[in-house]
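Undergrad: Dropping a structure here in structure tokens format, bear with me for questions.
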Amino acid sequence: MSSMTQNLREVMKVMFKVPGFDRVLEKVTLVSAAPEKLICEMKVEEQHTNKLGTLHGGLTATLVDSISTMALMCTERGAPGVSVDMNITYMSPAKIGEEIVITAHILKQGKTLAFASVDLTNKTTGKLIAQGRHTKHLGN
């Protein structure tokens, strides 16, 4: 396991255990961290679902936001930035008990903006569940 992966695991432990919104991600497991790429997994549980028993769109958006931000922290600059724009395209449902893989890529990082893409896929079938794009302002 790389030191980057180990360091990020420690950050995630703290983030997901303190009071606040990030606790909704406490079931997310970090698989690997590399410069500009992060892979996580999560088993869909009842607490993650909408009334139809599928992964809630709001949680999907939170995964896009948080996992892409952590991927940005794995770059040389290491700045998490603040969100400027985010969009998510929902393509297929994820049901209770299904394992999903969340893969974030940093597409470009400039002086003030960074651009990321995030794919959520079914771990068993590889089917694309959702795809997100996230633009972050990095400051001056």
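Yeah, the Cβs are placed from backbone N, Cα and C, and that goes for glycine too.
What Swiss-Prot lists as CoA binding site is Glu46, Ser83, 90-95, 108-113, His137, and the listing cites similarity to another entry. Look at Swiss-Prot and you will find Asn50, Gly81 tagged as substrate binding site, backed by similarity to another entry. Annotation source Swiss-Prot lists N-acetylmethionine at Met1. The N6-acetyllysine annotation in Swiss-Prot covers Lys27, Lys37, Lys43, Lys108, Lys127.
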Undergrad: Hey, how far is His137 (CoA binding site) from Lys127 (N6-acetyllysine), Cα to Cα, in Å?
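TA: Rounded to the nearest whole number, the Cα-Cα distance is 31 Å.
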Undergrad: What is the separation, in Å, between the Cα atoms of Lys108 (CoA binding site) and Lys43 (N6-acetyllysine)?
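TA: It is 30 Å, counting Cα to Cα.
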Undergrad: Rounded to an integer, what is the Cα-Cα distance in Å between Thr112 (CoA binding site) and Lys37 (N6-acetyllysine)?
TA: 19
Undergrad: I need the CA-to-CA distance for Glu46 (CoA binding site) versus Lys37 (N6-acetyllysine), whole Å please.
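TA: A Cα-Cα distance of 28 Å.
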Undergrad: Which residues, sitting 6 or more apart from Tyr90 (CoA binding site) on the same chain, put a CB under 8 Å from its CB?
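TA: Same-chain residues close to Tyr90 (CoA binding site) (Cβ under 8 Å, separated by 6 or more) are Gly57, Thr60, Ile129, Ala130.
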Undergrad: According to DSSP, which of helix, strand or coil covers His137 (CoA binding site)?
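TA: Strand, per DSSP.
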Undergrad: Have a look around Gly81 (substrate binding site) and count the other CB atoms within 10 A of its CB, chains all included.
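TA: Its Cβ has 21 other Cβ atoms within 10 Å.
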Undergrad: Nearest to Ser92 (CoA binding site) by Cα, among Lys27, Lys37, Lys43, Gly81, Lys127 (recorded positions)?
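TA: Going through Lys27, Lys37, Lys43, Gly81, Lys127 one by one, the closest to Ser92 (CoA binding site) is Lys127.
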Undergrad: Considering Cα atoms only, can you say which of Asn50, Gly81, Ala94, Gly110 is the nearest neighbour of Lys127 (N6-acetyllysine) among these binding-site residues?
TA: Ala94
Undergrad: Going by Cα-Cα distance, which of the recorded positions (Lys37, Lys43, Gly81, Ala94, Gly110) sits nearest to Lys27 (N6-acetyllysine)?
TA: Lys43
